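Scroll down for the structure; my scribbles are underneath it.
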Amino acid sequence: MSSTYQEWVQREQNSIMHTYGRYPLAVAKSAGCRLYDPEGREYIDLLAGIAVNGLGHCNARLQEAMLKQAATLGHISNLFYQEPQILLAEALLETCHADKVFFCNSGAEANEGAIKLARRYMHHIRHADAHEIITLEGSFHGRTLATLTATGQEGKIKDGFGPLPEGFRTIPFNDAQALRDAISPATAAVMVEVVQGEGGVRPLAPEFLETLKTLREHQNFLLIVDEVQTGLCRTGRFWAHQKFNLRPDIFTTAKALANGLPMGAVLASDEVARGFEPGSHATTFGGGPVVAAVANEVVKIMREERLDERAREVGELAVHHLSDVADRHPDSIVSIRGQGLMIGVELAFPGQEVWKALLDRGFILNLTQGNVLRLLPPLIIEEQDLALFASALDDVLNAL
Ligand SMILES: Cc1ncc(COP(=O)(O)O)c(C=O)c1O
C-alpha cells in the first residue's frame, strides 16, 4: 500500500464517522470508464459509483452544462419558478407514463417522499384508513427511519435504531401467496424493486408479477416501484418497470439522474399527485438549477444516444462472455443474472477472496449478499472492458 493511501486512511479515521466499510483503494482521478489511484495506477470501473455514473466520469457536456448554469443562476430555493427544473420534469415525463414529478436529493429521500405521498393520498383523497406499506425480503430502500424500516433486510441496517415507524410489513421475495395474504383494506401501497440490486440482482418472477397485477385490479392499494438503482437505461429500458409491463402509481429514481450530483425524484400519476398540496412536502435543495441543468443534459444524452438499447446489447455480450467462464467453472459459478448492464455473478461460496483478487488485477466492482459479484458499469462501457473482466475472472477462479 502506498504512503498516500496509508496517510488518507489515517486522516479519514481521525476525522470521519465510521459508517463505511471502505475498499482498500484511494482514488484521485477519473475519466470515462477508468479510475486512477494517487500513484496513477489505472482501474476499469465496473461499478460507476454504484450505478450513478451512467455516462462515465468527467463527461464534457455535463461539465459545460454545470458551469454554464452555475454562472447564470445557482441556488434560489423552491420559493421561485425556474426553468431548469421545469425542463427536467418535462423531459422525464416524456420517458414514461407519469404526469407529475417531485424533486429531492437522494434515493432514500425519493422513497421517503413516495411513502408519504401514498399515505397522504389514501388519507386525504380516498378518505381511506390505509397506511400500511408492504415490501419484499432482500429489498433495499434507503437509510432514513422510514426507508430502513421498509428495507427487507435485518442486521446492522436496523439494529439499534428503534423504535422504528409503524405500518410496514415485509413479505418473502417472489412469494405470490404471501402477497395475496398480506393485502388488506389497511394496505396503502406495495413497494418493490423490479430487479433487486443490493439483494443480488434478483428480478421479480413472472408469477409474482401476474399476481401483483391481478390484485391491483381488484384492490385499492397503490404500486410504488423503487427505480433508484434500475432507472435511467440501466436494465435495457429507460425504466425497468417498462420491461416488466408495470404501470406504477408512483416510482422513484435517483442515482444516475445527475450522473453524480445529488438528485432524486418521485414520479406519479396526476390522480395520486393530488395527495400533496403546498406545505405538505418540501425540500430546500431538491431540483436546484445546477443539478437540474446537469440532469437535463443526462436525460438528453441518454435519449439521443439510445443508451437503453446500448445497455441491452452490451449487457447481452457481457453475459455471453461470463457464461463461457461459468461453463468452465460449474463448481464456482451458480448463475449469471443479467438485466442490461446490471449483472450479478452468483458464486457458490463467499466471494471476498475473488472480489479482492479482481481488485488487485484492476477491476472495480461490488460484492453483495456475500457471494454475488455485482457489475453496474457506466452505460458507455466498451465490450472489450467486459471481455477483459471475464478473462480476469476466469484466471482468478483457475488460481483458487
Ligand atoms: C434500490 C435502492 N433504493 C434506495 C437506495 C438509497 O439511495 P440513496 O443512497 O441515494 O439514499 C438505494 C441505494 O443503494 C437503492 O439501491
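Each residue, glycine too, has its Cβ placed from N, Cα and C.
Pulled from TrEMBL, these are the features on record:
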type    : residues                                                       : note
BINDING : GLY107, ALA108, PHE140, ASP226, GLU227, VAL228, GLN229, THR284 : pyridoxal 5'-phosphate binding site
BINDING : ARG143, THR283                                                 : N(2)-acetyl-L-ornithine binding site
MOD_RES : LYS255                                                         : N6-(pyridoxal phosphate)lysine
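Note: the CA-CA distance between the residue listed as 'N6-(pyridoxal phosphate)lysine' and VAL228 (pyridoxal 5'-phosphate binding site) rounds to 6 Å.
Calculated from their C-alpha atoms, the gap between ASP226 (pyridoxal 5'-phosphate binding site) and THR283 (N(2)-acetyl-L-ornithine binding site) amounts to 20 Å. The secondary structure of ARG143 (N(2)-acetyl-L-ornithine binding site), as reduced to three states from DSSP, is coil rather than helix or strand.
Working note on the binding-site residues ASP226, GLU227: by count of other C-beta atoms within 10 Å of each C-beta, ASP226 ranks first.
Secondary structure from DSSP puts GLU227 (pyridoxal 5'-phosphate binding site) in coil. GLY107 (pyridoxal 5'-phosphate binding site) carries a helical DSSP state (H, G or I). For the binding-site residues GLN229, THR284, the largest tally of other C-beta atoms within 10 A is found at GLN229. Rounded to a whole value, the Cα-Cα separation of ALA108 (pyridoxal 5'-phosphate binding site) and THR283 (N(2)-acetyl-L-ornithine binding site) is 13 Å. Close to ligand 1, meaning a Cβ under 6 Å from one of its atoms, are these of the binding-site residues ALA108, GLU227, GLN229, THR283: ALA108, GLN229. Considering other CB atoms within 10 Å as the measure, the emptiest surroundings among the recorded positions ARG143, LYS255 are those of ARG143.
Residue environment of THR283 (N(2)-acetyl-L-ornithine binding site) contains 16 other Cβ atoms, counted within 10 Å of its Cβ in all protein chains. In sequence order, THR151, GLY152, GLN153, GLU193, GLN196, GLY197, GLU198, GLY199 are the residues near PHE140 (pyridoxal 5'-phosphate binding site), counting only same-chain partners six or more apart with C-beta under 8 A.
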